[in-house]
Amino acid sequence: MKEKLSKIMDEALSQIEASGELEKLNDIRVAFLGKKGELTSVLKGMKDVAPEDRPKVGQLVNEARTKIEAKLEEKKETFEKKLLEEKLKSETIDVTLPGKKLSQGHRHPNTITLEEVEDIFVGMGYQVVEGPEVEYDYYNFEALNIPANHPAKDEQDTFYITKDILLRSQTSSVQVHEMEKGKLPIRMIAPGRVFRSDEVDATHSPTFHQVEGLVIDKNITFADLKGTLQEFAVRLFGEGTKVKFRPHHFQFTEPSAEMDVTCFKCGGKGCRFCKGSGWVEILGCGMVHPHVLEMSGIDPEKYTGFAFGIGLERIALFNYEIDDMRLLYENDTRFLKQF
Amino acid sequence: MDTSLSWIKAYVPDLDCTAQEYTDAMTLSGTKVEGFTEFDKNLDKIIVGKINKIEKHPDADKLVICQVQIDEEGNEVQIVTGAPNVKEGDKVPVVLDGGRVAATHKDGAAENGMKIKKGKLRGVDSFGMMCSIDELGSTTDMYPDAAADGIYILSDNPEYKDAPVGSDAIELLGLHDVSFEYEITSNRVDCFGMLGIAREAAATFGKDFVPPVVTKTGNDEDVNDYIKVKVEDNKLCSRYTARVVKDIKLASSPEWMQRRLASVGIRPINNIVDITNYVMEEYAQPMHAYDLDKIEDSQIVVRRAQKDEKFTTLDGQERVLDDTMLMICDGKKPIGIAGIMGGENSMITDDVQTMLFEAATFDGTNIRLSGKKLGMRTDAQAKFEKGLDPNNAMEAMDRACQLIEELGAGTVVGGAIDYYPVKKEPFTIPYSVEKINALLGTDISEDEMVGYFEKIDLPVDREKKEVFIPTWRQDLERLADLAEEVARFYGYDKIPMTLPSSSATMGGLSDKLILENKVRNVVEAYGFCEGMTYSFESPKVYDKLNLAQNDVLRKSIVINNPLGEDYSVMRTSALGGMLTSLATNYNRRNKDVRLYELANVYLPKQLPLTELPDERVQLTMGMYGEGDFYAMKGVIEEILTRLSLKGTVTYDPAAQKSFLHPGRQAKVIYEGKEIAYFGEVHPTVLKNFAIGQRAYVAVVDLAELIAMPKEAVKYTGVAKFPAMTRDISLMMKKELLAGQVEEVIRKKGGTLVESYELFDVYEGAQIQEGYKSLAYKIVFRAKDRTLTDEEVTNAMNKIITTLEEMGASLRK
């Protein structure tokens, strides 16, 4: 009996070992452990075994069953592992094929640039405000210390609707609206469209955008203007950006300046973007002219302030190395989707 | 404004700097140098040579072989030339082997010059080149004595005849010089002249400023015996000075004057014209010379022109004047347009004997406006426009007469006419060291400040704390102006950088801008790219958009001075720009294009404008390719959701937009207000814009949405009880709209209806002609209990009954 069991077990184990596929294992299970299997038939033959030997035989049968089952399980795992490996291998894909995208829209490079500028100034406590694009001559010129027939008016080729109403040629007009509200201190930026009678070409457009800045408070100094705009330049163009202030003239500021930044393409070494100078002119600025304060009802003996005007397109064009301003107003989606 | 370094050095003799140093320092002290040109940039090893011998070339008819002496010791080089104008004994500019010239006869100008090397011409050695003026980088306009076609024969010019052989020809010709181009701001009238810029240069570099010393001129005659001057309009002419020069000897001006004029791009003509130009450049005071013998009645009258008065200027053009313009006249007729251009009838010609010099001060604004009206822009006008200092006029006049005498160009008659009824007086501005430092954020001492004022010729009274302002500094009016003078000489770069330390303020965007950003985010998520178009439109766009003659969109603001008809009105809709942009993309074969623009339209409250128009910010969307009417509608619905606009929305097909497909358009009514419209573009409009496939547009009046109350977002519990769904399939006439069916579902279903969804629309076979089938899935749910079948059936029955009353029938 013992030999018989041992033989059955050896036979089963060797068949399992030799089996080549998963399905075969089941056949082996049925052949040995199934209802009509060999081990089962041994159990069925228990009635022929002496009663005192029965527990012993039973134990041997169970041991044999356990061993065969363990072996079956072991072999099954091997097969399954192998199958999984094969399956995974067959499912290999070309990861270099293009990704699938939802067709998202893109913001205009002008808007992206404006948002960067807004973030910087909002972080410094500036309110973002707006003013009318069709404007009274008074706000665009007169209240900015540019009286009727002043030659400075000619420097900006202004579109007129009537004698007194025009398309604003500068966002500086918003300064006056803010000052007239009479709420001090003021820290504002005013982005928006401006209009000048320039023929369309690679660097000119009759419509473009400016961002005006105005700070009015007690004890505001030219040093504050310099510090603020340097902070702005460094945040916009990155650490290491240097600024240079040059004297200039604007009717509504005194002293006035233009600010250059180290060329963000070459870092100041000189390249074709900065025409070899290493510097790029970014904005005009100055201390608000006392007469401008007076006209808007602010006492220049008590309050001082500074103002600046940034050409948005100029920054966008430089930032993205766009060489033709017309692209900004053509709206070719192949252009717009690059930003 | 241009100056040459040599001309500036004439007044700042100690100035010693490179062109780059000059550019940087002047720019930082407020005189912006935009760029410079070094005349000798491409010139090297060019000397005065003397042709000792000329022989024929053995193998070329057009070439000659010259033995050219290149130093005083008598050394010669052999140079072969094809120039026809050389002869033995001529002194010529010679570029030696290894030198450089700006251009060659054969190849023209080269940006970085041309190197000249020894070589063979038709087998004969040549060790250099004799130069024409073009090869030296200039022109015969600037060097009238140079041959137009051939070598520049220096020895033909008496002033160059004795130049030593072997000396630097570049030096001789004044080409070791630099021309600077400035951007002079309109407030610095004084810097439109050499003396003004030289004064700035002297102050910038800390050198002495040496202006010309103007000496007394004139014989013992009296100018009043020659001419009388009457000024009828002293508002437009605040000063009129005149002097007379007789026995005029027209000739070339001397080389030094010719060179200085040429160095700033002014062509030398003759001594009289050159002196006039020279003084205008030097003093920024335009002058005019009249032929006195052509002036009738020995009289000058300065008056306004008559309306439609005709006058021929010295360029031969007939001009039509009006009564705002100022004229210079003699006893009988006009002889010049004041400050702009003289007349043909009184101009200096070669046989001039006696002339009248005029240096006047005219009203800048009047000159500017007159020039604009006449379409003229002369050098004199450009200077007068800035508003000149009247105190400069007589000084310039005397300087011109001094040059007349020095150059021997004629005899100056004694005395001067000087009409100057109201003398412009200098004034003073009090200064405060504390206030200037407070404005600049600096700590500059009084000594330093006074030093800056004085070096720019602003005398200071330290006791009275006053700065004396000469009349040529009309830009200085108050303390802030003095602060700028201090700042620019202290150095803008030395002023510290600080941040405002005073009151804290809250930064942020307005509600309008926040809403605009939300809208951008939605439409971009739906694939729309942001575009920008001009605020101007062509009036032709109304026809392209199929607008009726009385359409309100045709009421647009007209620009008085537009760039052209295409940009002549302010848009009342951004659709023209949008459709043009779609067309651009279509034309370039871009597929599936979606664009939006967020910008203002300009709606006049009345025309012509008497007050500012209504500027409304609108969202304009346009698309073609993938997507249809309902795709556009989906975006609008999403915008309303994201803006928390949860009120009642209806889509009314009666939008009546002539530029949209009549059967595929809707206006969007939110809480009774029209907030948007959208639809498929009308085929005729598509054709007008040359878009070759169906396109859809939408216009959302954001200005309206900004004002609307938004419902605050509040959490509602996620449903705990099960929902029951019922499907209904309805057959109805086509005219009955889904919107009407849905309204019934909402109203009759009541609070139990959680949601509904249209899952099928069918027209065609199996359906009666003129009918359609709609199928809805309706979801019922209560928040507080599980609904019974009976409750749902009751609700469904109400819905169905009502729909049946409207003519719909249930499909079984």
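Glycine is no exception: its Cβ is also placed from the backbone N, Cα and C atoms.
Under the heading Mg(2+) binding site, TrEMBL lists B:D475, B:D481, B:E484, B:E485. TrEMBL lists B:40-170 with the feature domain 'TRNA-binding'. Marked as domain 'B5' by TrEMBL: B:424-497. TrEMBL lists B:719-811 with the feature domain 'FDX-ACB'.
Counting every protein chain shown, the number of other Cβ atoms lying within 10 Å of the Cβ of B:D475 (Mg(2+) binding site) is 18. Each residue in the domain 'B5' (B:424-497) has a pLDDT score, and their mean in this model is 96. Secondary structure from DSSP puts B:E485 (Mg(2+) binding site) in a helix. Broken down by DSSP into helix, strand and coil, the domain 'FDX-ACB' (B:719-811) contains 32 helix, 32 strand, 29 coil. Taking every protein chain shown into account, B:D481, B:E484, B:E485 are the binding-site residues, and of these the Cβ with the most other Cβ atoms within 10 Å belongs to B:E484. Mapped onto three states, the DSSP output places B:D475 (Mg(2+) binding site) in coil.
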